[in-house]
Structure formats: C-alpha cells, structure tokens
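In what follows, a structure is listed as structure tokens, so that the remarks can point back to it.
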Amino acid sequence: MLRTHDAGSLRESNAGQRVTLAGWVARRRDHGGVIFIDLRDASGVAQVVFREDAVLEQAHRLRAEFCVEVSGVVEVRPEGNANDEIATGQIEVNAAELKVLNESAPLPFQLDETAGEEARLRYRYLDLRREGPGNAIRLRSKANAAARSVLSGHEFVEVETPTLTRSTPEGARDFLVPARLQPGSFYALPQSPQLFKQLLMVAGMERYYQIARCYRDEDFRADRQPEFTQLDIEMSFVDQDDVIALAEEILVALWDLVGYRVPTPIDRITYAEAMRRYGSDKPDLRFGLELVECTDYFSETSFRVFQAPYVGAVVMPGGADQPRRTLDGWQEFAKQRGHKGLAYVLVGEDGTLGGPVAKNLSDAERDGLAAHVGANPGDCIFFSAGAAKSSRALLGSVRGEVAQRLGLIDPDAWAFTWVVDAPLFEPADDATAAGDVAVGSGAWTAVHHAFTSPKPESENTFDTDPGSALAYAYDIVCNGHEIGGGSIRIHRRDIQERVFQVMGISNEDAQEKFGFLLDAFAFGAPPHGGIAFGWDRVTALLAGTSSIREVIAFPKSGGGVDPLTDAPAPITAAQRKESGIDAKPEKAEKAGKPADA
C-alpha cells in the first residue's frame, strides 16, 4: 500500500506517529509562509501542514484535486485551531515528504459548490469524490451486504438469471439485442427475472434471491431509469404472511443502517381502503388530511358537476386566504393530471361559504358542508367529481401537494404500510391511459403481472367477473413511495391459461411466448411466492435523497441519455450489417439453428 493510514482515521491517539497518506487535495491555503491542505480520501479529510523548506516549495505547485502522497508526523493542533466539524479536527500532519502522483486539469466545477445535474453526470467521476454522492454509493453497498446477510441466514440461494432472453410481454417495452448468429432474430433484456425465478421454484431451489439488473424501454417519466436494480426474492411452500415476515426482517436490517428501528409487524391496509382514504395505492402516512366521501351528501343536488358516480373532498387548513392567482394555479394542477379543473369552496372566518361552487349549492347543502368534511373557518375545501378511481387519484395528488405547501410532512419521519388485496385486473384502456403497456388484446389486463395468483376466494370466478377479482398481492410503501411489491404466484397451468384468456392471450400465443413456463407447471410445480424491492428507491430513501440518480454510480439523464459516454449512439454501417438487424428470419428455421449466410 502507498499509505499507512486512512486520512479520516487519524485521532489525537495517533500524535507522534509517522504516517503516510494518499489522496486528493480538497483545498489549499497559504498563511504567512506556511501552506495547509485538506487531504481527502474515501475515509474522510485530514489537514496537512507544510512548514519545512524541503517540501514547502513543492507544495506551492499543488492545486485542487491533485493526487498526492504525503508522509509526516501526526501532531495535535495548536490551542484554538481545532476544527470540531470534522472527525480529524484535533490533529494535523506535519509533512516531511510530498510526492505528486498525478496532476489535475482545471475543474469543470468546484467540488465544494453546487453544480448543475448535466455537468455532474458528465463528470460523474469527479462528482463522486464529493462527500454526499460518494457516501450514497457506499451506503448502497452496505444495504446490499445487509440484505445478503438476512437472506443467507435463512439459507437462500443467490442465483444469477439470464440477461439475454426472449421477448415476453410483461407490461413494458423490451430492449432488444440482435442475435448475430441468427440474423433477424433478437434477444430481449429482462424487465425482471420473474419467469426464471418461478422456474427455479419448479427446479426445487425453494429459496432464491438476486440483486438483479432489469431493463424497461419506456417513456422516461420523472426519476425513472431505463436500467434499474431489484432485490428479487422467491420462496416455495409459502403464503403471503411468510413473504411479508421475511421482507420486514430485511427492512429492519436496512433501516438499522441509518439508526431507525422499523416497528414490526407493519400495519396493513387494503387497496380499496387506501384509495378511499388517501386517493393513492401508495399513501404517505406521515400526515393526515384524509379524503372525505361526499357522494351521498350530494345525492340529490341540483349542481350538475356533483351529479356524478363519485364526489369527494379534501380540506386545506387555512387555505381560504389563498389569492385568486393561487386558486387558478390549482385548476392548472388538475388539468396537468387529465381533469377539467378542481372545484373548491372557501370557508370564511364567520363560517360562510364562498367561491363559485358555493353559489350553486342549496341552503341545506351549504349549511352542513363544513361539518360534513371537517372544515374549520379559514379552510379551503377542494372537490373532485366523476369516476371514482380518477377522481380519488386527483384528490390524492391534491392531498400530497397541500401537505408539501403547508409543511405538514416531517422530513425525518418514517411511515411504512403494506397495501394488500389489490384488483387482479384493470381495464386495458386504463392501463394505456396511465402510460403502461396493456398486455394482451383483451378488455382486461393484469394490474401487477400475468403470473399473480388470484386470491382463493376469487379463483373460481375471476374469469367470469374480472372486475371483482382480487390479487394475492402485497406492496410495501414507505413515505408515499412503493419500495417493493410481490405476490403469491400461479403454479397451475389451468389457472394460468384462464388468466391469459381474460387478458386476450390465446392458447396459441401463450404457448408461443410462455410455453416453457406452462410446460414446467406440468412437472409438480410447488406453490410459491415472492417479492421484489426497488433497490434504487430503497437506497435513495436511506440516503435521504429524493432522486434515485444520487444512488446510482453512473445514472442516465431524464431522457435516458448518458452524458458521460454519450450513449446511446449510432452504430456503423458495418456493425449494422454484421448484426443482421435488417434480416428477415425464416419462420421454418428451428430455434438454436443458425440461419444460412
């Protein structure tokens, strides 16, 4: 090793020892013929002082981010010069030798200053030298180790599943890779290890896990990445409670890393209750502001807007004094989410109701409205009316925005919940409208994925009454983020084929795309279930950052572009020809047999 000690490890107990450090010049300061540098390595920072003529002249050459090796004696800092803000603030190293290992070009941005995201991603290797970004990646490594420790303790087997497989419809678009030896044919990068982990259960592995790379070619909404990571888990001979218990053990180990003890068992809420009370299937429970049902209250209203299948409300405390411009902004807020607007009523300090909606209500409706929704003088009541699902979703968004604007969310709080009993299917048009891919050609598509088992009480009726069928599924939510989702899987061919039929996937298509799984079910497939944690989101929460890019070593920008390598990039004509990307495959050729040149 070039060094004897890590810079961040030095303490007063090291005083008098000769040490050799290696790292980067974080800062240089000249004081009356003496030069100080903050030497930074992965462990932290130590102050180095250059007093001796032999090294002083060399030290004058040092600039920010020069890579150096320094030898000297650890000394306690003079009285009054200690720095209590850093762990090594009681000592300094009196340098006797200095070696410049490599110089640095002028920096594109100062590492101790704020920089734009584009510059940070383009020079990510510099960005990661900073304490915050570097520590986020190190915390992710600790999270990996903590999860592996829990799973190893339960005798799970870590298995790597293929990253070159066939394209199967799973709810998003595949990234495709041309197969050079079979011109016109393509591999697909996996959207998840779902099918392979189920096959591992058929294979008798019983307990599997993998920190898996996954790929989805989708429109890049806020904070999405084309490649992402899951902690993927599958177990045989289990029910929902078994998987949840293991998942909670992992969560406890993870949050122990940041000094928080997750209380277990974690509360559960049904999907229906979550939507009714919070307008979201991933509710943030760090604050109240529950939705209020108003459908029955306005059942005989003459106000046409409220003559709807569903009417609901959410109260904004103190919101009655919002200026007109702000209230108009709420209309734009609703329109951005696909709604015509957001109705509101202002409760005056004397209890009278104001605003355009109040004028259209009957005296009886006005008199009892504040009490019905729990509004006080000075509050604003927001309403949404229409189809229950979309109206509740809008109110859920309003609820979150109100909490943000009013500072109702404790940034240091943690609130976990399981959301269970979600629908097994949703209308295909709803999935498409939400930006998802509706698998199959039927009127219904799977809410989670096509391999989720119906709950036992829905097993005999899910194909005759798809809208009422419940999934044997469970999602874990933390602070309004879905950080994991799982289900008990289908392990019988007949049930799987019935699910496919509901989704408009014919037996022929099912055999072509999923025949390997269906065939495996014929060989004593055991009951099994599992869960996958969104590892980027989990580690972002642990690191205290709102963006998953902060916990990915080399993330893509919002458009799926890598500013560092400038990927994706065009290929050459020679590469295109060699890959066979334009060739048309011969249908008669057998899989695994190369096409003729």
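Keep in mind that glycine also has a Cβ here, set from the backbone N, Cα and C atoms.
Sequence annotations record features per position, and here Swiss-Prot assigns site 'Important for tRNA non-discrimination' to HIS31, GLY80 based on sequence analysis. Marked as L-aspartate binding site by Swiss-Prot: GLU170, ARG216, HIS448, ARG489. Swiss-Prot lists 194-197 with the feature region 'Aspartate'. The ATP binding site annotation in Swiss-Prot covers ARG216, ASP217, GLU218, GLN225, GLU482, GLY534, TRP535, ASP536, ARG537, and the record cites sequence analysis as its basis. Positions annotated as region 'Disordered' by Swiss-Prot: 558-597. For 575-597, the entry in Swiss-Prot reads compositional bias 'Basic and acidic residues'.
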Handout entry: Cα-Cα distance linking GLU482 (ATP binding site) and ARG489 (L-aspartate binding site), given in Å to the nearest integer
Key = 20
Handout entry: Among ARG216, ASP217, GLU218, GLN225, GLU482, GLY534, TRP535, ASP536, ARG537, the record's ATP binders - longest CA distance, Å
Key = 20
Practice task
Measure from the Cα of ARG216 (L-aspartate binding site) to the Cα of every one of the recorded positions HIS31, GLY80, ARG537, then give the nearest.
Solution key: ARG537
Exercise for the section: Give me the non-local Cβ neighbours of HIS31 (site 'Important for tRNA non-discrimination'): same chain, 6+ apart in sequence, Cβ-Cβ under 8 Å, ordered along the sequence. Expected result: none
Practice task
With GLY80 (site 'Important for tRNA non-discrimination') as the reference Cα, tell me which of the binding-site residues GLU218, HIS448, GLU482, TRP535 is the closest one.
Solution key: TRP535
Practice task
Would you kindly give the Cα-Cα distance separating HIS448 (L-aspartate binding site) and TRP535 (ATP binding site), rounded to the nearest Å?
Solution key: 18
Exercise for the section: Just jot down the residues in the same chain as HIS448 (L-aspartate binding site), at least 6 apart in sequence, with C-beta under 8 A of its C-beta; none if empty. Expected result: ALA422, ALA471, ALA473, GLY485, SER487
Fill in the blank from the handout: Per DSSP, the region 'Aspartate' (194-197) contains 4 helix, 0 strand, 0 coil
